[in-house]
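K.L.:
Can you keep this structure in mind? I'll have questions shortly.
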């Protein structure tokens, strides 16, 4: 691409401000949708020697949107260096800036762009002044579409910096919110299925750690599971599950060669968290459950208003002819550790063992396209192995690969739900994967948000943070709400006792992974100071919690000092002076 970026215009040494802002905006291409034409427009006018310094930042991919290492396109305006300083100061009053930001946080990006860019037709450079951003002269001259990208980046930053609502802090507040709300939006992740026996991904005993320990697949990094099929070569994998089917030279696998049969949904019973979501739906309070899981345990629990953001095992498609079937049609093969094959592509049975010609041709075209785009021109073709020989038409569960765009269903549903939601519950997820990770910031900032998770999340600011085993927390909430957690019909014996009944008996409600005879006394949560953070059994606050407690202590000491100084100033007499006796 680099050779295409040099136009016929005379090139001059770019200003430091231009380089800094271009680099900052380009650092968000993984978070804000942008096309190649816009990227080229940003780089147009730069000599080739400066392009590497702008397009590479040396950061690890997946950095948090608001982490300190992240580039910022703005910063404080310097009146001596910025020729637009006076224009920026005169653009908006403080009250107007407040209204602009409030409109954005309540109505969202789409409504904001419609109102301020399309309806009011305010120049983008002037809109950016409201957010403390003064574009350099070079970026002001870019195409309108490119300037729209700049604005979207700044909007993205603002929406991810949600301020906590001070009105809500306690467990009782959480109970009251759940009781009063009628349109609860629930975001869930792998943490709600851990007690079912399905591993999460980033914990000490999670899937990535397991892959590294087993090293069955000769992966340098367990997260290589997340790359697409054509890059993996001899592995057919499914992101977020560990479903790995070795298709090299064989279609039969030993039970130790794959995870698929170990994590297939039919093997597991929904956890208390899944049944809690079902209970909220039965109460007529569930707006929608956005799950990042692919195990379909929400459906097994009876939840109807669920959107599986990353797809699921519910259906499977042929990677060659794209025919779609229900998931149960490949269940037998997966549980037997056999490669599931498309019945259409393999109807003749004469192509077994040969790689699909169409698949190989498509793979070659993609390799050629990547080589010609200039971004990775130093990479050799040897970096990407050819597809292995395998029977044509392998059936793959309809699960979204890492890096692939989610279906339009996600965007449409979130756009619809943001107008109705009155409470957000975030359960069992660290919100690391976009675009689901940005959902809390995209929703109206005035809507209360409650986090139920084993660990804190750094890049969101929930109003109430309940840390610990998610099952334990939702059972505690059910007890406070006076709700009986619904039972799974497959559960028998002591496991079929309701959460309320077990609590009355002084027992900890058992999850599907617990022994039927195990019971413990209910242990209530511990509050961190007088804050919004509560610790339940299994909480892992880590470094964040230590820093949070240190901050609370400093704030208390500062408040005590202010009180003492105020009392001293209000005392007109020396402390050791004798006071007149009151008769």
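Any Cβ shown, glycine's included, is placed from N, Cα and C.
Fair warning: this is a prediction, and the values are worked out from it, not measured in the lab.
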K.L.:
Tell me which of 351-394, 395-438, 439-482 corresponds to the region 'Disordered' entry in TrEMBL.
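P.N.:
Within the set 351-394, 395-438, 439-482, TrEMBL attaches region 'Disordered' to 351-394.
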K.L.:
Which one of 295-327, 493-525 shows up in TrEMBL as region 'Disordered'?
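P.N.:
Checked against TrEMBL: region 'Disordered' maps to 493-525.
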K.L.:
Between the candidate ranges 53-89, 90-126, where does TrEMBL place the region 'Disordered' annotation?
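P.N.:
Checked against TrEMBL: region 'Disordered' maps to 53-89.
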K.L.:
Which range is it, out of 542-562, 563-583, that shows up in TrEMBL as region 'Disordered'?
P.N.:
563-583
K.L.:
Excluding 318, 321, 342, 345, please set out which residues of the same chain place their CB within 8 Å of the center of the CB atoms of the Zn(2+) site, keeping sequence order.
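P.N.:
Near the Zn(2+) site, beyond 318, 321, 342, 345, sit 319, 320, 322, 323, 341, 343, 344, 346, 392, 393, 394, 395.
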K.L.:
For residue 321 (Zn(2+) binding site), what residues in its own chain, 6 or more apart in sequence, show a Cβ-Cβ distance under 8 Å?
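P.N.:
Result: 342, 344, 345, 393.
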K.L.:
In whole Å, how far is residue 310 (active site, proton acceptor) from residue 318 (Zn(2+) binding site) when you measure between their Cα atoms?
P.N.:
17
K.L.:
Can you work out the mean pLDDT of the predicted model over the domain 'Deacetylase sirtuin-type' (164-484)?
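P.N.:
Its mean pLDDT is 74.
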K.L.:
Let me check the 10 A CB neighbour count of residue 345 (Zn(2+) binding site). How many other CB atoms are there?
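P.N.:
The answer is 20.
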